[in-house]
Structures are given as C-alpha cells and as structure tokens.
Amino acid sequence: MEGGGVRKRRGCTIQKNDFLPEESFKSWGNYTTALLETPRRLKDRFLTRSSERVEIGEMTARSSHQMKKTLNWWDLIWLGVGSVIGAGIFVLTGMEARNVAGPAVILSFVVSGFSAMLSVFCYTEFAVEIPVAGGSFAYLRVELGDFVAFVAAGNILLEYVISCAAVARSWTSYFATLCNKNPDDFRIVIHNINSNYGHLDPIAVLILVLVCILAVRSTKGSSIFNYVASVIHIIIIVFIVITGLIHAKPQNYVPFAPFGVRGVFQASAVLYFAYVGFDAVATMAEETKNPSRDIPIGLVGSMLIATLAYCLLAATLCLMQPYTNIDVNAPFSVAFGAIGWDWAKYIVSLGALKGMTTVLLVTAVGQARYLTHISRTHMMPPWFAFVDEHTGTPVNATIFLVVISAVIGFFTDLEVLSNLLSISTLFIFMLVAVALLVRRYYSSGVTTKGNQIKLIVFIVVIFGSSCGISSYWALSDGWIGYAIFCPIWVLATGGLWFLVPKAKEPKLWGVPLVPWLPSISIFINIFLLGSIDKDSFIRFAFWTVLLLVYYVLLGLHASYDTAKEFEAKSSAQRGFNNLEDGVVSST
C-alpha cells in the first residue's frame, strides 16, 4: 500500500488487509503496544489539525482514482432542491399551523429559512476553499482537529443512515395512499414480535436498492434524474398553489398569529428541519467543475427556491381553510377534499413520492462521500475510500451505507426512527460555524498567544450565552434572562470583532459580516437544540460513547499510523528536494 492509499485492484472485492492494513494491527504485539500508547496518541491526534493542501491533494489521492468533475451550478441547485424539499412539507406545515403558529406559520418558515441560510453561508465558504468529498468532516479536521471531526462525522453518518431508512418507510406509506391501500397491505406483518419491528417493509428495501444502483452508476446521471424529478415536483407545488388560491378566503387569516410570537418561533424550530439536506450537496464539491462559482450559486440558489416554495404552500393552505380545521396528518389532501376536489390527494401523494425519492438519492450520494473521505484518513477502513475508475463514484461506501439503511428500514417502525433524528445535524451546523470563526481569527504562526486566548474566551462566552438564552426560552415566559444573556452574547461577538484581528481572509468566496453571521448561526443552532426531545439527547450520548470506544480501540491507531507514515515520507521528500537544490547551487 502506497501512502496509505487503496490498491487499484480492490474495487468491491475484499482483499487481505483491506480493513486494518496499518502497522499497529500487523500483530497482537503491535496492537498491545499501540493500546499502551493511547494517551500519547490521543493527545497527538486531538491537537493536530490538517491542512487544505493535505485534504485537497494527499487525501483525494488515497482513493486510487479521482471522482469525475461533472457537476455545474445548475446541477447543484437542483440537487439542493431535491435534497431539501421532501415529503415533510406536506405534513409539517399542517401540524405547525394547526397546533403551534396558526396562519403565522408563514413567518415561521421565513425565520427557519433565514436560520438555514446562515449555515449555508458557512458551508459555502468551506466548500469553495476546501472542495473535497468530506464536507463538514474535512472542514472540521482542518480547523478543529481530527478528534472533533471524527465525533461530528460519526454522528452525521448515523443521521444519514437513519433518515434514509425513515424516508424509505414513508415512501411505502405514500405509495399505499396512491393505490388506495393501507401501508400494511404492502408489508409483511409478524404478530408474535414487538410491533415496532414486526412490520417488515420490502418496498422500502426495493426503493433503496434502485436508488443505490443509480448513485453508484454515475453522479451526473443521478443529477439528471434528480433534475427531472425536481422539475416535476415544482410543477406539482405550482399546481397546489394555483388551485388552492382559486379557493382562497382572506378571512381565514384572522387571527393571523393566535399563539403569539412564541408560537411563531416554536414552529420555526420544528420547520427548520424541513431545510436540512443541503449539507449533502456540499460533499459534492470534489465533483464540481468550478467550485468557486458553482457552489455559492448552487447552495444559496437552492435554499432561496426551497424557502419560496415553503412559504407559498403555507400561505395557500391557511387561505384554503381556517387553521382550526387543518388536518395534521394530511393537510393538503383534506383541504382539497373540503372544496370537493378529492382527486387532488393523488397529486399531493405523487409530489410526496417524488420528494422522498430525490431526498433518498441525494442522501445516498452525500453520505457515501462523507464515509469516503473519513476512510481516506484511515479513521474508517480504507476499503470504503475506493473510487471506481469507470464510474468515478465511491462504490464501496455507497453500497455499504445503503445496505445498512435497507436493513434498518426493513424492520424498524417509522415512529422509532423519527425519535433518533435531528440532533446531530444541529450539532454539526453549530461546529461548522465555530470552525469558521477559528478559520478567520486563528492561523498558526500568525496569531499571537494573547489573541488566541481572547478568541477562545469569546467563543466560549458566545456558546455559553447562547445556551443561556435557549434554556431560558424553554423554561420561562419572562424577560429577565434575555436581559442578561442577550447583552453578554452581543458583547462577546462585538469583542471578537473589535479586539481580535483577523488572521485570514477568504481567497475566493467568503461569508459576509464575520463574526456576526457565524455567531448568529451558533446561537440559532443551540437555540433549536433546546427544542429537541430528551430521547434524542440520550441517543446522541449513547452513539457518541460508541464512537469514542471505536476511536480509542481502532480509529485512533489506524489514523495515527497513517499520519506518521505520511509525515515521514513528506520529511524525506523535503530532504531530497533540499539535497537536490544544494547540488544545483554548487554546480
């Protein structure tokens, strides 16, 4: 194995040493020695940050073949639309309008759309400057180090896998509606086991297999399919909006905000998850022809389209019916039924099926690229880093993750899966915003020790005051907490702005109004984390502990060996170059 790379003959065939080829795993003696050195190695990896040069050059070379640069800004816009606008819009809108915000759910979508756009800006700067398949994993590795990057990436991989399984089971439900059947008519029901795991779903497996085949064959082909399907989805949304507005009754907007301002923001915390998915598009930067132009247009453009579509659908629904009459399970289908258009529910179900299909496709593509780049560092077995020479896609990673999603989706009930979602995404978005502040205000050899301490203090205070605001919102209806924590947040952000000089400016495209926009993004993501249920935090803690166990026993030692091998070769190469320069100078 050269430079920690993946042998070209490997493909999907598992060869000896494909999973643990590093020196620490050559024998039990080597492994015992590695375990005894765990504290020293952990300190080394915890403090070590990667570099843009390594991520873009050395890491991509470890996949044997390069991913094909076939995507442009047009592809990225529609991949973003396909990943964000799923079936949730047809359910979440009615649920939040009926129970939480009333017609003011439109404002909730605006608030959550603005929040998501801040995260889009942060992702965009990184994706332009570090255009690799690893997405947030690569960004965090460069700015916050290996350890933080691994914990974050491990959580978002779980999020991807679980969301794929959940969406696949939802696909079966909407397909049943389209066929005028009960979802269990298409499932194998086993009565003598727990009902949460006894409704076996072969259709969920089938749709995931088809998505996997498309994702493996070609990224450009996946993009074309997604584009066609997304256009159909937009046409369906336009149909719903136009036909719904024909039957609009402005008096349904009275009262506009029956639950007050708190209802608007509570709904926005839930609706924020309708925008999640754009981070999968950032993982496709390595396959983008002109990242500095295409990524900003693609990510920002898709988010604007999604926000507009969501607001129009929400406005239409609340004009068709009084918010008190909105059905929380099938809001649009029931609304059309109330005006005598029962047939329109099939149009809604078709739109939902399309939305879920493209979400599955873009998620399958994105999650594989995350795993590919993690495996390039050997934190995961390098077999998953293989990129096929002919298709230019990460075949092994794609198949592995889709198979896991299919197994979970085949057995597990949707309600169980839904309790496992959401927290990891907000955690990642918050860390990326922190990483952006570190990127702008810290550079080794440039930032003084005093400014480094100021940066750490201000980030900790921004984080702490954001937690304070979030906690006070969840526990109290008063105002004293805001009067304390909001000024602290403003002073910390302003202090960072005035007292710490920037160490780096973006070369190609940058987030405006730094540090304010990243600081707002940190606050919003922490604020929304405060709205997550207890079960999600328990899952997050349990999975993170499992990740740490894996990291200490395997990932740490594999990545340590690979990093030291790379450092030794780089040092030898520098010595050779210096020697060569000396020979040339003497002659």
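Glycine is treated like the rest: Cβ placed from N, Cα and C.
What TrEMBL records for this protein:
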{"type": "DOMAIN", "residues": "509-559", "note": "domain 'Cationic amino acid transporter C-terminal'"}
{"type": "TRANSMEM", "residues": "71-92", "note": "transmembrane segment"}
{"type": "TRANSMEM", "residues": "104-126", "note": "transmembrane segment"}
{"type": "TRANSMEM", "residues": "147-168", "note": "transmembrane segment"}
{"type": "TRANSMEM", "residues": "199-217", "note": "transmembrane segment"}
{"type": "TRANSMEM", "residues": "224-246", "note": "transmembrane segment"}
{"type": "TRANSMEM", "residues": "266-285", "note": "transmembrane segment"}
{"type": "TRANSMEM", "residues": "297-323", "note": "transmembrane segment"}
{"type": "TRANSMEM", "residues": "343-371", "note": "transmembrane segment"}
{"type": "TRANSMEM", "residues": "453-473", "note": "transmembrane segment"}
{"type": "TRANSMEM", "residues": "479-500", "note": "transmembrane segment"}
{"type": "TRANSMEM", "residues": "507-528", "note": "transmembrane segment"}
{"type": "TRANSMEM", "residues": "540-560", "note": "transmembrane segment"}
Discussion item. Looking only at the domain 'Cationic amino acid transporter C-terminal' (509-559), how are its residues distributed among DSSP helix, strand and coil?
Written reply: 40 helix, 0 strand, 11 coil
Fill in: the transmembrane segment (507-528) and the transmembrane segment (540-560) contact flag, 3+ Cβ pairs under 8 angstroms
no
Discussion item. Pairs 6 or more apart in sequence, C-beta under 8 angstroms, 3 or more of them: is that satisfied by the transmembrane segment (266-285) and the transmembrane segment (104-126)?
Written reply: yes
Worksheet entry | Residues from the same chain, set at least six apart from the ends of the transmembrane segment (479-500), whose C-beta lies under 8 A from its own | 437, 441, 451, 454-455, 458-459, 461-462, 464-466, 468-469, 471-472, 515-516, 519, 523
Discussion item. Any contact between the transmembrane segment (343-371) and the transmembrane segment (224-246)? By contact I mean 3+ C-beta pairs closer than 8 Å, pairs at least 6 apart along the chain.
Written reply: yes
Worksheet item: Under 8 Å, at least three CB pairs between the transmembrane segment (71-92) and the transmembrane segment (297-323) (pairs 6 or more apart)?
Response: yes
Practice prompt. Could you give the residue numbers and ranges of same-chain residues that sit at least 6 residues beyond the transmembrane segment (453-473) on either side and whose C-beta is under 8 angstroms from one of its C-beta atoms?
Written response: 265, 434, 437-438, 441-442, 447, 481-482, 484-486, 488-489, 491-493, 495-496, 499-500, 519, 522-523, 526-527, 529-530
Worksheet item: Against which stretches of its own chain does the transmembrane segment (147-168) lie, if we need a Cβ under 8 Å and a gap of at least six residues from its ends?
Response: 42, 45-46, 86-87, 134, 136-138, 140-141, 201, 204-205, 207-208, 279-280, 356, 359-360, 363-364, 366-367, 370-371, 374, 379, 401-402, 404-406, 408-409, 412, 414, 417-418, 420-422, 424-425, 427-428, 431, 540, 543-544, 547-548, 550-551, 555
Worksheet item: Per-residue pLDDT averaged over the domain 'Cationic amino acid transporter C-terminal' (509-559) comes to what?
Response: 86
